[in-house]
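Structure first, commentary second.
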Amino acid sequence: MERLRRLAAHFLPVNRPKATVAVLGAAGGIGQPVALLLKLNPLIGDLRLYDIVNTPGVGADLSHINTGAKVTAFMGDAQLCDALSGCDLVIIPAGVPRKPGMTRDDLFNINAKIVKTLIEAVATYCPNAWIGIISNPVNSTVPIAAEVLKQKGVYDPLKLFGVTTLDVVRAETFVAEILGVDPKDVTVPVIGGHAGTTILPLLSQAMPALSLDDDKAKALMDRIQNAGTEVVNAKAGAGSATLSMAYAASEFADACLRALNGDTGVVLCTYVASNVTDLPFFASPVRLGKGGVEEFLPIGEMNKLEQENFEEMKGQLAINIKKGVDFVTGG
């Protein structure tokens, strides 16, 4: 049923305008495959590619693909206005990737400045756009974006998202491997944040049901939490999880576009301003509507292991959030 609903959402009425989507950081390791996958999305009419270098080549390459989205490349500060004006959705993978031995938080000093600069431009040139932030550390870069938008007087917490979809994709893939089923038939909610122990897969709520003892559940939880590091180490300095992240980002973007298109059944886990817990930002299942987040769905019952991890990770997530806020406010 979900597959049919998603397929139907891609058939637009003849007179319905298609979306304008910008990718900021489109020439990078994540940006290029994200742009490729978005070029394939029939809900997009205008695909804008922005980066500080190399976008003309990426744009020329993608423009030869025989799908409907028009591709335009922009490069450098002077072209940010044209890249962003009139956008419905802005996806931001810009920044430096992790290397072996680095945590997502090690990226903060560089990526925080990049996100701040780009969000200032979004606030100026497309203040009503939905924003999906991929740039790590997401636990901190989303609060940075929120503070910048507040300063510019255009903050809408319902339209600002941290893209944590990859955590869900990984959880569902690993659970499917254990169950021996198609990952598309598996659902696993993942809550919290997007780094290490702040990533909390609710394995007790997996569908189909998963029966694991505590040791195996903890091992699976650890694998999901450290899956990004697994890829960084496997690539041995040649990059981070670019391809799986691009896939997850395209799934996130498609969910946003379906909601903007009027689909009322769009639910996903994402890191947003939230009152689900006592933390100001939290990843949990939400239902999207034309105006952004429409409903926060219940987290549901956690088992003992999950509850313990939930209580433990809130302190770390609070530190990450404060670090982002302080970067903008000087606190």
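Yeah, the Cβs are placed from backbone N, Cα and C, and that goes for glycine too.
A TrEMBL annotation is a machine prediction, not a hand-curated record.
Positions annotated as domain 'Lactate/malate dehydrogenase N-terminal' by TrEMBL: 21-162. The NAD(+) binding site annotation in TrEMBL covers Gly25, Ala26, Ala27, Gly28, Gly29, Ile30, Gly31, Asp51, Asn111, Ile134, Ser135, Asn136, Met245. Look at TrEMBL and you will find Arg98, Arg104, Asn136, Arg170 tagged as substrate binding site. Under the heading domain 'Lactate/malate dehydrogenase C-terminal', TrEMBL lists 164-327. Annotation comment: TrEMBL describes His194 as active site, proton acceptor.
Proximity of Ser135 (NAD(+) binding site) to non-local residues of its own chain (separation of 6 or more, Cβ distance below 8 Å) is seen for Gly25, Ile92, Pro93, Ala94, Gly95, Asn111, Ile114, Val115, Thr141, given in sequence order. Of the candidate binding-site residues, Gly31, Arg98, Asn136, Arg170, Met245, the one lying closest to His194 (active site, proton acceptor) when CA atoms are compared is Asn136. Long-range neighbours of Arg98 (substrate binding site) (same chain, six or more residues apart, CB within less than 8 Å of its CB): Arg104, Asp106, Leu107, Asn136, Gly228, Thr229, Val232, Ser240.
Per DSSP, the secondary structure of the domain 'Lactate/malate dehydrogenase N-terminal' (21-162) breaks down as 65 helix, 29 strand, 48 coil. Spatially, by CA atoms, the binding-site residues Ala27, Gly29, Gly31, Met245 include one closest to Arg170 (substrate binding site), and that is Met245. Ranking the recorded positions Arg104, Arg170, His194 by how many Cβ atoms sit within 10 Å of each one's Cβ puts His194 at the top. As a whole number, the greatest separation of Cα atoms within the substrate-binding residue list Arg98, Arg104, Asn136, Arg170 is 18 Å.
Mapped onto three states, the DSSP output places Met245 (NAD(+) binding site) in helix.
Same-chain neighbours of the substrate site beyond Arg98, Arg104, Asn136, Arg170, judged by a C-beta within 8 angstroms of the site's C-beta center, are, in sequence order, Pro137, His194, Ala195, Gly228, Thr229, Val232, Ser240, Ala241. On the 0 to 100 pLDDT scale, the domain 'Lactate/malate dehydrogenase N-terminal' (21-162) averages 97 in the predicted structure. DSSP gives Arg170 (substrate binding site) a helix state. A sphere of 10 angstroms centred on the C-beta of Gly25 (NAD(+) binding site) encloses 25 other C-beta atoms. Summary: among the binding-site residues (Asn111, Asn136), the fewest other C-beta atoms within 10 A of the C-beta are counted at Asn111.
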